[in-house]
């Protein structure tokens, strides 16, 4: 086992056949004096980073009574549990139910497959499409109750628009206008009440008809991406059809861009795709083309790969449990119980809140992807790198919510012109991303900050290109300083968008740069981040020595 075995495997990072020759690879720095010094710093900094939030979460801390009411009874070493994040709590508390639903779903699919194959020659899996649609209806009926009618009406209207406007140049515009309009209307009318539509349907608003999770419009943000994907894939298939020879295997990218015969863009296939149970709640997001190719030409997903993914998921889940039992940083953040805390303590509150944001998103995504893998469908992996293993703004967004990033590139970034106008397109993309997440100023500010904060990296790449300076002795260290700046900017943007908002950031910045102790801490942070970025550089070099190539 080597350190690169920890790298999350994705198709685009598979071991390349065009591995550079031994002479062209950079020699390893792991055993140099420089890196031994970095190991010392790492061994000193990491325990401190863990110890600070643990001490802030101790019952003897003066601020503990301010957030104690937010804590739950835990199960680990008699500790309480910080289960105050409502988004993660809704997933964590329902893991047993979701696991049972997944098991029942897979059992029914397995039984259906066995019965079907008794009388058929094994080939494609298109016979599973009707079963998927039926199981999706049952799943959504239990989840959303009577609101499933609203969802089915919306996706049917989208299908009609796609079919009606398949040859019109206004087709994409109508698709986008309809889906964005539904997003805004859902937010404005809170998913609509039947009684507000017509009094005769008011009885459907009763609690007994609402289902387990009646707020269907919250999940529609994910569904909307699939509706756009189907419409755009069908539109491009009608205008620029491409085909592939029988028996040729397709990789992840080829499955996304290779269209199907027109008859494959049917309502049954569309319905099964848009409401596919394992990926309905949170994704990962698949394009329609990719989804259907995996039924037409089933992939070989080995048991060992699924078992390895399950072990990785359990490891991440237990890590999250340990963090929530020993670090009550979410409760401290929500109650702003940081009076008299030092700049170092405030800084670690922000950092560990971001780690929890990363974990609370990673866990549902990997749970539902695991469900899909067992079902024979391989959606894109969403979290490719740990949040703390990123130094590039561009690389960060390629590795964070990767399936969404692939969707953005295919359906927004490239149609807008791609690299022809990077900054303007980035502003438009992140504005959409912010509004898609939530129609709030906090996330809009996040989107604009992210767009602004990619400028330094763009300028650095232009004025200091690796093709010209990578062979110099100073280039790696200058890049590391740039990586430090990127990390600080990305932390700032994500604290605004997902943790404390604009007002909270003002307090944090005032404590960090407005006091002498804060400046001292910031200098120490810059030094430690410099060491961290050097280790990140070498980790990626080690990946390339093993034939693993990434753009993040």
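Heads up, the Cβ atoms here are built off N, Cα and C, so glycines get one too.
In TrEMBL, the feature transmembrane segment is placed on 270-288, out of the ranges 270-288, 289-307, 365-383. Within the chain carrying the transmembrane segment (37-56), a Cβ under 8 angstroms from the stretch's Cβ atoms is held by residues 63, 326-329, 332, 341, 344-345, 348-349, 351-352, 527-528, 531-532, 534-535, all 6 or more beyond its ends. When each of 95-113, 133-161, 309-332, 344-363, 476-500 is scored by its Cβ pairs under 8 Å to the transmembrane segment (270-288), the top-ranked stretch turns out to be 133-161.
Long-range contacts of the transmembrane segment (133-161) within the same chain, counting only residues at least 6 positions beyond its ends with a Cβ under 8 Å from a Cβ of the stretch, are 101, 105, 108-109, 171, 174-175, 178-179, 182, 191-192, 194, 204-205, 209-214, 216, 220, 223, 227, 230-231, 267-268, 270-272, 274-277, 280.
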